[in-house]
Amino acid sequence: LTTVISYFALVAFALVGVSYATPKASINGRIVGGEMTDISLIPYQVSVQTAISSYGFIHHCGGSIISPRWVVTAAHCAQKTNSAYQVYTGSSNKVEGGQAYRVKTIINHPLYDEETTDYDVALLELAEPIVMNYKTAAIELAEVGEEVETDAMAIVSGWGDTKNFGEEPNMLRSAEVPIFDQELCAYLNANHGVVTERMICAGYLAGGRDSCQGDSGGPLAVDGKLVGIVSWGVGCAQSNFPGVYGI
């Protein structure tokens with residue numbers, strides 16, 4: 001069993017009183033082996049975009065809607081000032097057809113460690129509430145202490161690379177991956193990073209399906225609940241290296 005305990009506490013803290021009226025260079029925040037999907041099937045998925053001089057905003061990371069004004073993503077995706085980011089919602093295409101929202105406040109987990117990527121979670125408060133519809137909806141959070149069974153099937157989604165250093169797709173993709181045994185994951189990744197109690201692993205031992213560069217911060221969902229945030233991994237969809245997700 002894998003226990004989900006960490007980032008939900010931060011979320012609960014940040015949302016008190018709220019009314020609804022870059023990991024290490026050798027480890028890449030990371031959909032390989034998946035398929036194109038429609039945003040209406042994953043309406044909580046957003047593109048966290050960053051400003052690039054005169055080019056405007058471009059896709060930077062994924063994120064998940066947890067309320068009309070709040071998005072959760074990875075801390076390593078949110079290390080600049082709030083004005084450097086916008087959240088793009090409601091479209092399967094990360095460059096058109098959606099709605100952009102300015103970021104008002106960034107709350108990184110106070111214990112986030114850039115070297116180990118521990119506590120890799122951040123909250124983005126939006127300047128205006130997201131207009132909710134069939135293409136934009138909040139995802140339910142797994143409860144603190146809730147357990148996720150090893151081998152339970154999860155959905156990971158995003159606009160990241162479709163292969164190592166491959167072309168980044170404009171269209172949203174998703175892949176189904178099993179929750180991976182925590183102890184074995186820690187052993188397999190021991191020479192590349194530490195798998196802590198604030199992390200959960202997902203993927204196939206043989207590889208073939210995984211999140212990839214550009215998917216960081218995006219959702220890992222089991223039975224419609226958010227159980228992880230794309231954080232780091234060795235390459236993408238490589239055998240013996242399941243993806244690692246912040247919890």
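Keep in mind that glycine also has a Cβ here, set from the backbone N, Cα and C atoms.
Feature annotations, reproduced from Swiss-Prot:
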type: ACT_SITE; residues: His76; note: active site, charge relay system
type: ACT_SITE; residues: Asp120; note: active site, charge relay system
type: ACT_SITE; residues: Ser216; note: active site, charge relay system
type: DISULFID; residues: Cys61-Cys77; note: disulfide bond
type: DISULFID; residues: Cys185-Cys201; note: disulfide bond
type: DISULFID; residues: Cys212-Cys236; note: disulfide bond
type: DOMAIN; residues: 31-247; note: domain 'Peptidase S1'
type: SIGNAL; residues: 1-21; note: signal peptide
type: SITE; residues: Asp210; note: site 'Required for specificity'
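The average pLDDT the prediction assigns to the domain 'Peptidase S1' (31-247) is 87. Cα distances from Cys185 (disulfide bond) to the recorded positions Cys61, His76, Cys77 are smallest for His76. Across the structure, Cys201 (disulfide bond) and Asp120 (active site, charge relay system) are spaced 14 Å apart at their Cα atoms.
Counting Cβ atoms from all protein chains shown, Cys201 (disulfide bond) has 27 others lying within 10 Å of its own Cβ.
For Asp120 (active site, charge relay system), the spatially nearest entry among the recorded positions Cys61, His76, Cys77, Ser216 is His76, judged by CA separation. Nearest to Ser216 (active site, charge relay system) in space, judged by Cα atoms and limited to the recorded positions Cys61, His76, Cys77, is Cys61. A distance of 9 Å separates the Cα atom of Cys61 (disulfide bond) from that of His76 (active site, charge relay system).
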